[in-house]
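Take a look at the structure below.
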Amino acid sequence: MEIHLNRVDYIQVGVTSQKTMRLLPALGKKATQKVAIGDHDGILTCFGMKKGEAVPVFKTLPGPKITRMDLGGPVGTPQEKIFVCSGSQVRGFTKKGKQFLTFDANLTETINAMHVSVSDLFLCASYIYNHYCDCKDQDYYLSGDKINDITCASSENLTRLVPVLACQDRVLRVLQGSELAYDIEVPGPPSVLELYNKDGGEEILFGTTDGKIGLVHIGEHSAVSKWEIDNDKKKGGILCIDSYDIIGDGVNDILVGRDDGTVEVYGFDSNSEPTLHFEHVLSESVTSIQGGCVGKESYDEVLTATYTGWVTGLTTESQKTEVGPGDEVKLSKETQSKVEALRAELEQLQMKVLQGREQYHQISQSSTAVSAVPVFSINDKFTLCQDDASYSLTLEVLTAIDNLLLQSDVPIDLLDVDKNSAVVSFSECDSEQPNGNFLLATYRCQANTTRLELKVRSIEGQYGTLQAYVTPRLQPKTCQVRQYQIKPLSLHQRTHSIDQDRPMNKLSLVGQFSFAEIHSWVVFCLPEVPEKTPAGESITFYFQNTFLGTQLEANYCKGEGHFRSDNISTISILSDVFSKEATKKKINLNISYDINDDSVSHTLKMIHPKLEYQLLLARKVQLIDALKELQVHEGNADFLIPEYRKILDESANLLEEYKKQPAHLERLYGMITDLFIDKFKFKGQNVKTKVSTLLEILDNYDLNSLLDFFNDA
């Protein structure tokens, strides 16, 4: 069943954080609801709609930025008390705007997640979870990785409130008091949690930073995963979720907001499987989403708040009037007054701009004038995409972006992104120089572009910094720099377990280093490792290479570290980096290796399908021009063999795929070459002179002859 929702923009506040907008409960069954929203200026705004106009109920004074919002209230009453977090402080307001609570949690870090349930307050800041009852300390828990969100399951079947933490290491941690009861593995780093039933219950919805959604049923001692929705269409990560019956079939639907501006409504089919019923794309990331009735009585809508503070409704009320031929369109008095008000507002704004320009011009002529740099906030994200082993860099600015300069001191490839309409130009780089650049690229953005998405692919073993210089369309011209670390094993991703039956190579370290020092080396080498030193005396992490599918196990403690991988090049990179880092700190390291020769042929067999596919694709692309010329010459392609006709039919797709994967073949050749050099490096042999022979074999590729060359060299 398709639903039709129409967009209505209500008001704009300042820049907003994730989950900082809520709908207050309705007073009647079909009555409109008030909207509460907090922004980075520290202002809490509450407004309602009257005759199509946003009417403020209350507005607080500016202060520290609001990072989270939740609603609460006594048992059995409407949950209409508004709680907001700023820094380490929680404030409570009534629906009329009277402040009744100021609670300082005395945390050293900013609160980034909160849940309110009657007199219980649950707060999280980075790695720390705190539970307060009537503002008194109850429970405390230190998480192994960053906490992104929190909610609590509660029902008649559960004897207590069950706090659930969404942690960056792809795990939901379920707590009992100050202890971990159990954890649930999820398919990606969870960014948001929401109860499927707002009145409580044991079913919790989660969304991940890589765009997946799921539902888990929480018990006191274990959990059951009900369903998961994959992100096949490569949409953005999930920032907010809500449940509300917008379709009107008596079953709560799932409302989803993503960081690429996509708003989705999922309903349930007869088999209780979630299916997409509606999709709308806004121009910026959706930070909050709620289902309710705001604009007009009896008309349900999906209310969203975006990063730049726009509160937008997608309403079931029709915004169009249909007329027949020859009919006259008459504007209602309400619409006429709206148009007049907008015109008046526009004139006022134009006057303000003119006055501002004149004022600026006069001041700039003055000899005593001091130029101030305009401040603007950037919402940026640099994440590894598992599907195509590339990094996605997303930049979002409050005003339009004029241009973006990318600079890298390590070799990286820029990949094509469909959503990106900016014009890119490359500058020549001298990478031979010390501190030279490998990449200098400028993106010139089209008018009103506030969000830019780029994709880059790095080479494992080459590490350094990628810098983005963002220049918005502001006067005077100003620029902000953002830095992103490209790590030595940048294409590795955390995983829950590995296949122990594969042939593994082992690297062992022994030396006078502390647990914190070896952990800092692992953080330097690998992505998705928490910067904070883990609690306990030792730790084990598992990783998978997103490009090849090879794996790595890292187990270390004070004075000792063991690293196992089925890819000999991974062991070689780790060995080089650890040696360098230990030398910097003047730590004497005893490094030993246990090399398994079978692992080399195993890795080559893993590369084989990728290499074969890319060689075939390259050959097909080479043939396209010649086949097109033959087709033009002969008038049709009927005389060609079916294989060639198929290449002609698919030429557009083949060229697009080839264009999207620049240097893919060179990457695979490079990996095989590194594997060859690393295999003999551990035997104390230098085989760089034989690399030219290896490249000849790769040009006439056959797996068996490649395996023979590796064994006989």
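Just so it is clear, glycine is given a Cβ too, placed from its N, Cα and C backbone atoms.
Residues 332-359 are the range that TrEMBL records as coiled coil, among 136-163, 332-359, 584-611. Here the domain 'BBS7 platform' (492-594) has, by DSSP, the following mix of helix, strand and coil residues: 28 helix, 38 strand, 37 coil. Broken down with DSSP, the domain 'BBS7 GAE' (374-484) shows 0 helix, 60 strand, 51 coil.
Per DSSP, the domain 'BBS7 helical hairpin' (597-710) is made up of 93 helix, 0 strand, 21 coil. Remote same-chain residues near the coiled coil (332-359) are listed as 51-53 (criterion: CB distance under 8 Å, separation of at least six residues from the stretch ends).
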